[in-house]
Amino acid sequence: MLYYINKILSNNKVQAVILGIIGLGIVIVLTSYNIDDPSFNSVTTEYHSNLVGIFGSYLSDCLYQFFGLAAFIIPLACFVWGRNCWYGRYRGSFIRMFVMLLALVSSSTLLSKIKLEFIPANAGGAIGIIASNFFERFTNQLYLLLIFFTFIILVVLFEIKFTSLSNFIIKLGNFLIYRIQSFLHNVFSRLSSIRLFPTKNNDKINITSSYQKPVSEKVKFPEEARSVPANPIKFFSKPVSPKISQSEIAELPPISLLRDPEKHHVKGASSLELKQKAEELLTVLNDFGVKGQIININQGPVVTQYEFEPAAGTKTSRVVGLSDDIARSLSALSTRIAVIPGKNVLGIELPNKQREFFCLKELIETPEYQDKSTLLPLVLGKDLAGKPLVADLAKMPHLLVAGTTGSGKSVGINVMIVSLLYRYTPEECRFIMIDPKMLELSAYDGIPHLLTPVVTEPSKAVVALKWAVKEMENRYRMMSNIGVKNIAGYNAKILEAVKENRIIERSIQTGFDPETGKPIYETVTMKMEKLPYIVVIVDEMADLMLVAGKDIEMLIQRLAQMARAAGIHIIMATQRPSVDVITGVIKANFPSRISFKVTSKIDSRTILGEQGSEQLLGMGDMLFMGSTSKISRVHGPFVNEAEIEQITEYLKESGTPEYISAVTEQPEEDDSGIDIGDGTSDEVLYKKAVQIVRDERKSSISYIQRSLRIGYNKAANLVEKMEKEGIVSPPNHTGKREILLPER
C-alpha cells in the first residue's frame with residue numbers, strides 16, 4: 001500500500017495539484033481572517049467566522065502575527081511551484097525554500113513601517129520588526145528599503161528565469177532596431193534624387209506581415225578586393241546610361257506568400273524525464289562494459305544530445321559501435337554517436353518522443369538570414385539547440401547534397417532556391433537548373449532568374465556546363481582587364497565609375513608590328529554592367545554520370561576549382577552517393593557537403609568521410625559539413641508545393657525571363673576538347689575518326705574508342721565503315737589493319 005502511495009505522490013501532476021490545493025487553502029484562510037476570532041492571543045466564546053473553521057482562525061492569526069501581509073507570498077509560492085511541477089520545471093527543495101524565506105523576510109521588512117487596524121502588530125509582522133531593527137543599525141531607512149526592494153526583484157527574476165527575460169529583451173531590441181533601420185532607409189531613399197543604378201533592396205529585406213514593395217535604395221556591394229590594377233586604366237568623362245533589362249523590373253517576392261508558423265508548439269520532455277533517460281542510457285552503457293558519466297543534456301527540436309564523458313582508457317570506436325545496441329535497448333528509432341569538436345565528450349543523440357516541425361517563413365524572418373554580410377544565404381534549418389543555421393554559398397563555395405528517397409533532399413533543394421529568390425532579383429543572381437528527372441525543378445521553369453529553361457536532356461546539360469566554363473573564363477578576362485580579383489571587386493569598380501559618370505577603357509597588347517617590331521595596342525571599352533551571381537543546380541548527378549561521366553566530371557572539376565572568384569557556384573545533388581557517382585575528383589573540389597539519410601554506412605563514408613548518416617531520421621534531418629570539415633546535425637524546414645507555386649507565379653508576373661540561347665545550343669565545331677557521343681551525330685564522329693587514323697596512323701578499335709571517348713561498339717562500327725570505304729584494310733591473321741590513306 002505504501003508503495004502505491006509513494007508512486008502516486010512522486011508524479012509531477014499529483015504534486016502540482018497538491019501544491020495548488022494548499023495554496024488555495026491558505027488564500028481562503030488569510031482572506032476570511034477576523035481579528036475577533038479565537039486565537040492564541042484572544043479567548044472568546046463567540047463562534048468563529050473563518051471559512052476553514054477553528055483551524056483556519058488559529059493558522060491565519062499565526063501567519064499575520066509572524067509575517068503580516070507578506071504571508072500572501074506563501075500561497076503565491078505554492079502556485080508557482082505547482083506550475084513548475086506541472087510543466088516539469090523542477091527545482092530542488094532547498095533552493096525553493098531559500099527563495100520563499102528570502103521573499104518573506106524582504107517583504108516583511110518593507111511592510112514593517114505600515115500600521116493596519118484589521119491585523120495585529122503591523123503590516124510586516126514580528127519578522128519584519130526584528131529584521132528592520134537589526135538592519136537599521138548599519139544603514140538608514142532609505143537604503144534599507146532599497147536593499148530589500150532589490151532582494152524582492154532578484155527573487156522574482158529567479159522564479160521567471162534570467163534566460164527568459166534576457167531572450168525577451170533581445171527580441172524587443174532586435175524589433176526596435178529593425179524598425180529604426182527601416183525608417184532611416186525610407187528617409188534616405190526619398191532624399192536621393194539621382195538614381196544611377198537600378199534601385200533594388202538587396203542588403204536587407206524589410207519583412208512585414210502583409211506585402212509591401214521593396215524600398216528603393218542604391219545598390220551596395222561588399223567593400224572588398226579593391227586592389228589597384230597593375231596595368232594603366234583610362235577613365236573618360238562620358239555620359240553613362242546603364243542598361244536596364246526587362247528582368248530588372250522584377251521585385252522580391254513578399255513574405256506573405258510563405259506559410260505562417262504553427263502557433264501550437266510541441267511540448268518537450270521535462271527535466272525529470274531527461275534525467276531518467278540519462279540514467280537509462282548509463283545503465284545500458286554499463287551493461288556493455290562502458291564506464292563514464294553524462295555531464296550535460298542538450299534538448300533540441302528533433303533530437304536530444306547527451307554529452308557522455310567516457311572513463312579513461314575507453315576507445316571512441318568502441319562507444320560509436322554500440323549505436324544500434326543502444327537504440328534497441330532504449331526502444332529508439334536510431335542513435336547517432338559522434339565526437340563533439342573541442343570537448344572531451346561524445347555526443348549521443350536520441351530522437352524525441354514528439355518531433356517539432358517548422359516552416360521556412362520562421363527562418364526567413366531571423367536576423368541570421370537578413371544579415372547583409374552573407375552574400376548568398378542558404379537556409380539550412382535549426383541545429384541541435386534549436387538555433388537557426390544559414391550558410392553562405394559564396395564561402396563554401398560549392399555544395400554537394402546526397403540522400404535517399406524520402407529523406408528530404410528535394411525539399412532541402414527547394415528551400416535553398418527559395419532562400420536565394422527572397423534575397424536577389426534577376427539582375428543580381430541567375431540560375432542554370434539541370435533536372436534529368438524532369439520533375440523536381442520543373443516548377444521554376446519560366447521565372448526571370450533563369451538563364452535558360454530548365455535543362456532535362458543530358459546532352460544539353462553538358463553543353464550548359466561548357467557554357468558555364470566559357471563564361472567563367474570570360475569573366476576572368478574582364479576582371480583582369482580592370483585589375484580586380486573577384487566579382488565583388490569588379491562590381492564595385494563598375495558602380496564607382498557609373499556614379500562618377502565615367503567609362504573605363506584599357507589598352508591591351510594584341511601583337512607586334514612586322515616592320516618596326518613595336519608592340520601593337522588595342523583600346524578596349526569595358527561594359528558598364530554588373531556581373532550577376534550564377535548558381536548552377538544539378539538535381540540528379542547519377543543520371544548525368546551514366547550518360548557522359550568523363551565529360552561531366554571534367555567540367556564539374558574545372559568549375560569547382562576556378563569559378564568561385566567569378567561568382568559561379570554549384571549545388572549538386574544525388575540519390576546514390578556511390579564512388580562511381582561521387583568520384584574522388586568531385587569530392588576533393590566540394591569541401592562543403594550535406595548528407596540526408598542514406599541506406600548504409602558505406603554511403604555515409606562516401607559523402608562525409610565517416611558514418612552516421614544512416615542513423616538519421618529522414619524528413620529533413622541532415623548532417624552538414626562546412627568548409628572547416630566540422631560536421632553538425634541540422635533539421636531542415638518544410639516548404640510545400642503550394643508555397644513554391646505561389647512564389648514562382650509571382651515572379652513570372654513581375655518579370656519576363658531573358659534567356660541566353662547559347663547556354664544549351666551545341667556549336668557546329670566544338671573546340672573545347674570535350675566531346676560526347678550522345679550529343680554528336682554519327683557523321684561527325686566518322687569524320688573525326690578518319691582524321692585520327694590519317695594523322696596518328698593508328699586504326700585499332702580501342703585507340704579510336706579512347707580518342708573519341710565513345711563506346712566499344714560504336715568505335716567498331718566506325719572502323720568497319722572505314723574498311724568498306726577502303727580507308728583501312730581488313731584485319732590480318734594477327735588482327736592488325738593497314739592504313740590505305742596516304743600520309744599528309
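Even glycines carry a Cβ here, placed using N, Cα and C.
Copied over from Swiss-Prot:
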| type | residues | note |
| --- | --- | --- |
| TRANSMEM | 15-35 | transmembrane segment |
| TRANSMEM | 62-82 | transmembrane segment |
| TRANSMEM | 92-112 | transmembrane segment |
| TRANSMEM | 116-136 | transmembrane segment |
| TRANSMEM | 142-162 | transmembrane segment |
| TOPO_DOM | 163-744 | topological domain 'Cytoplasmic' |
| DOMAIN | 386-605 | domain 'FtsK' |
| BINDING | GLY406, SER407, GLY408, LYS409, SER410, VAL411 | ATP binding site |
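The structure, with features from Swiss-Prot marked on it.
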{"residue": "GLY406", "record": "ATP binding site", "contacts (Cβ under 8 Å, 6+ apart)": "LYS597, GLY618, MET619"}
{"residue": "SER407", "record": "ATP binding site", "contacts (Cβ under 8 Å, 6+ apart)": "PHE596, LYS597, VAL598, LEU616, GLY618, MET619, ASP621"}
{"residue": "GLY408", "record": "ATP binding site", "contacts (Cβ under 8 Å, 6+ apart)": "PHE596, LYS597, GLY618, MET619, GLY620, ASP621, MET622, GLY636"}
{"residue": "LYS409", "record": "ATP binding site", "contacts (Cβ under 8 Å, 6+ apart)": "VAL401, ALA402, GLY403, ALA573, GLN575, PHE596"}
{"residue": "SER410", "record": "ATP binding site", "contacts (Cβ under 8 Å, 6+ apart)": "GLU440, ASP539"}
{"residue": "VAL411", "record": "ATP binding site", "contacts (Cβ under 8 Å, 6+ apart)": "GLY620, GLY636, PHE638, VAL639"}
* Can you list, in sequence order, the residues of the same chain other than GLY406, SER407, GLY408, LYS409, SER410, VAL411 whose CB lies within 8 Å of the CB centroid of the ATP site? -> GLY403, THR405, GLY412, PHE596, GLY618, MET619, GLY620
* For the topological domain 'Cytoplasmic' (163-744), what's the model's average pLDDT? -> 80
* To do: Could you check what DSSP calls SER410 (ATP binding site) once collapsed to helix, strand or coil?
  => helix
